[in-house]
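What follows is a single structure, written as structure tokens, with notes after it.
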């Protein structure tokens, strides 16, 4: 039998300590908070699973969870095909390839709150180029008062910010396909659709899984951009999970329910990430 | 440790998880596991099955708390059964 040298595990110790300090200990604290009614550090009462019961039956949270899934679904449905399409049309070599890569990378370098501010001003009807132009064309547009406009703006903003990531990942995936596949396709007189369907798409599978996972997790945790752009409004139309959670924890200082809610949130992210991770590792094994 | 707002039940919970991990490590050192395929649709190692068992238990608790008016102990009892089933036949 192969003997493993387990001494290498000592090298993992620094990372383990770092993760314990930054994630495990705070996580344990959140679990402790979730079963107590906390007024201040000296007066706290054990309430069992009452906060979980309250949170799991709160219609406000159901609504924002539904909004969150719709939002993440829309983000994936738009950004993944668009990213693939952009990657397919990008030049493969020469000066233009470099120029395209730089242009594509620019939105990724802009911080979240700056993106929110850019789009907040861009969409305004009085001084923003987008808002003013749309209204001048006779299209009524106001993201601050119209739910559809707010949703479209938040989605377009995310597409503008993050499609580049998908495109760049797919671009690198496409460049990694050996030329012999294309030569074989030319010999078989395969159509460009057949080349995409039977060569490019299967070869992009693992890259796409990473792209889908990254975009799902990021969009599922989104906070800053919609907060700066719409503040969650109009009404609660663009209030997503993280914003509801922040309101509960920081705004109302309901630490117990907020802790219970963040654990539910964590479990959703954990399940989805695990599913993607398993799909990814098993597709690697199969290929 | 006061700032972490410990309670006896949560301390016991994390103590249990910690013991489980230590136990799994000792078990792995004594007899390294081989990936196998049970009723789960993927080949799993012992650690994978523990993770699936614990994650399933967490969701089971959420379901019982969120949907029914049963005592949380019923969820815990069902979780133990689920954990044993996954570890043995998963």
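Positions of Cβ are set from backbone N, Cα and C atoms, glycine also.
Automated prediction, rather than curation, is the source of TrEMBL annotations.
Between the stretches A:69-90, A:179-200, TrEMBL puts its transmembrane segment entry on A:69-90.
TrEMBL assigns the feature transmembrane segment to one of the listed ranges (A:206-224, A:225-243), namely A:206-224. Listed as Cβ neighbours of the transmembrane segment (A:12-35) (distance under 8 Å, sequence separation of 6 or more from its ends, same chain) are residues 46-49, 51-52, 255-256, 258-260, 262-263, 266. The transmembrane segment (A:258-277) shares more Cβ pairs under 8 Å with A:206-224 than with any other stretch in the list A:69-90, A:96-115, A:206-224. Using a Cβ-Cβ cut-off under 8 Å and counting only residues 6 or more beyond its ends in the same chain, the transmembrane segment (A:206-224) has close neighbours at 68, 71-72, 75-76, 79-80, 83-84, 112-113, 116, 158, 162, 165-166, 169-170, 172-173, 240-243, 246, 268-269, 272-273, 276-277, 279-280, 283-284, 287.
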